[in-house]
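Pulled from TrEMBL, these are the features on record:
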type	residues	note
TRANSMEM	20-38	transmembrane segment
TRANSMEM	58-79	transmembrane segment
TRANSMEM	86-105	transmembrane segment
TRANSMEM	111-131	transmembrane segment
TRANSMEM	197-214	transmembrane segment
TRANSMEM	243-267	transmembrane segment
TRANSMEM	273-306	transmembrane segment
TRANSMEM	318-337	transmembrane segment
Amino acid sequence: METARGMRLRLLGTCPVRFIRLVLSCSLASLTVHLFPLRENLIVDGIFLQQLINGLTLGSVYGLIAIGYTMVYGIIGMINFAHGDVYMVSAYLAAIGIALLSFFGFESFPFIIFGTLLFTIAVTGMYGYAIERIAYKPLRNSTRLAPLISAIGMSLILQNYVQISQGARQQGIPTMLDGALRFHIGEGFVQLTYTKLFIIVASIAGMLILTYIIKYTRLGRMCRATQQDRKMAQILGINTDRVISYVFVIGAAMAALAGVLITLNYGTFDFNAGFIIGIKAFTAAVLGGIGSLPGAMLGGIILGVAEAQFSGLVNSDFKDVFAFSLLVTIMIFRPQGLLGKPQVAKV
């Protein structure tokens, strides 16, 4: 008869990965509890709900940028490492657009925002097109490493170009939308500014418009066909090179929307703004399932809410550590993401 000790050893030997995951999760939970004690009276003071609002605002922006990562990966199977810097460029373009419209006497917030969005999306789309033509198309038949290195080079070029042309100091814009909704919760209150409300609504609208384009338009059908089987799409007469360029432009347009919204929220930015936001948006894409548009938005919301709650309820000094620890944890326990499908290697 098998002893209890022998049975334990046999079970551990047959599932070492599960055992390692269990040990890692228990260790992480214990470390978090000891290093980052929760604050008291979270619900009474309204801190939890306030951070939930902040997280939804931040997460919606993460999701918009993550869509660019996931679309490019879905169509060519590679990550556009210059995408975060496209977002950074869009923040500068948003400030330029707002300044120009204000200079010419336009004061209406809807007109300024609409005009700024059109200007920023148009110019940022050209940046996305240029990145695909310069960093990806010439290397499409090369090894997978070459386009990634080329994209990193484009990222550094954009950073240094903006630093030289706009300066290394922080740039900023004045507050465009004043006012807030205030709700009293127990001994505290929760405040939803009109700017954050606008960001959440605009992000949802952008996601819905993109979903409609992908599902119901000719361009969307061509994108889905190219994603499923590029060679078959070419046989059917689809210009896959043009479709890939369109995908880069669409991804850049979503980054432009995020750039305008985040500029309205924070008001300041610099030439390094795209790095940390880009990495977190990539984390959101992986969290939701790289290649899935709903997954990108879901991953952004989850990451934004988790980061905001950690900042408000635990310790804001370690919010970036927490965000990237979440990425590592997801890669260990569910590498395909929340809405992604496991990839089966073909041999």
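Every residue gets a Cβ built from N, Cα and C, even glycine.
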Subject >> Most Cβ pairs under 8 Å with the transmembrane segment (243-267), selected from 58-79, 86-105, 111-131, 197-214, 273-306 >> reply: 111-131
Original post:
With pairs 6 or more apart in sequence, are the transmembrane segment (197-214) and the transmembrane segment (111-131) linked by at least 3 Cβ pairs under 8 Å?
Top reply: no
Subject >> Residues of the parent chain within Cβ reach of the transmembrane segment (111-131), under 8 Å, 6 or more residues beyond its termini >> reply: 68, 80, 82, 86, 89-90, 93-94, 96-98, 100-102, 151, 154, 158, 176, 245, 248-253, 255-257, 259-260, 264
